[in-house]
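Asker: Have a look at this one.
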């Protein structure tokens, strides 16, 4: 049975365009369209769509308000459309905080190499959300106010890798069973995609300011969004969070977010770690790419790495995690039940690369426990 989709946008042209693309896929069916947030809230209650695509700026009721109301009344997976501007990035992050699960630039052909790829990209994102077995809104972290620090750095998820099917679900480890290995680490890596902004916020806001290791964050995200996302995390977290810049020296208690549209690598000069930011190759599906950062860390840090793969579509991170494991590093994955899309974590869990499958609720405490001896 086709996944039922509600398309919401104040532009009749965009409603028609999105509907045509969605309906080209036999696994998808647009059951209705709405021209503002108020209509979307009512139609969601009346029609029970499985996925909603939502614009942000609309008359009567904007998209962010509509997301909040839908999540309060009849929670449904929502894909936001956003402009590639600073204000658009901020609004999109607000929508994700309100409960939306994923986003695409409104001109989504800008993050694809051709028209066919753009069509496939939208279809896959909608299907990824519609395939969730049970929709449960992710519990938003309760964050005590932290005095924001200025971000010290400067200022796309454009892959069309099919969603990985969970053919052999991996059992999640309860928190009580997760024991610190006693290993000594020098670096924490976290890679993620769909659902990652909320997941990263939930994990990182629980870290103390004196977290003992540098942290590299690889989130599939357009270049226009990563500065705003790093700034937002920096204001919410006790640790420092910045967008990575070429030549940054790694410091304990600082998280470095890979810039959108670029590749982030790490190298060692004696005991000092240093970031290299390089232009992303046109042939690479992911910019930034988890595999590239993980692979560079395997060469620079060997087994002194704890690498975590969080929610995301596709299999980015699997090959880099394989290299890390061969070097002696520890690999963890988010469990299926707490993922927005169980693609990237499943790719490392079902192949035996990950040694633990941990729920998002338990991930921060598990990382802190494992890092304590570092």
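A Cβ is built for glycine as well, from the same backbone N, Cα and C atoms used for every other residue.
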Asker: With the ranges 111-140, 141-170, 171-200 to choose from, which does Swiss-Prot describe as region 'Disordered'?
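Answerer: Of the candidate stretches, Swiss-Prot labels 141-170 as region 'Disordered'.
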Asker: Around residue 193 (active site), how many other CB atoms lie within 10 A of its CB?
Answerer: 30
Asker: If you draw a 10 Å sphere on the Cβ of residue 316 (active site), how many other Cβ atoms land inside?
Answerer: 30
Asker: Is it possible to get the count of other C-beta atoms within 10 angstroms of the C-beta of residue 55 (4-aspartylphosphate)?
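Answerer: The answer is 26.
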Asker: Could you tell me the mean pLDDT over the domain 'Response regulatory' (4-121), as a whole number?
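Answerer: Average per-residue pLDDT within the domain 'Response regulatory' (4-121): 92.
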Asker: What Cα-Cα separation, expressed in whole Å, is found between residue 220 (active site) and residue 193 (active site)?
Answerer: 5
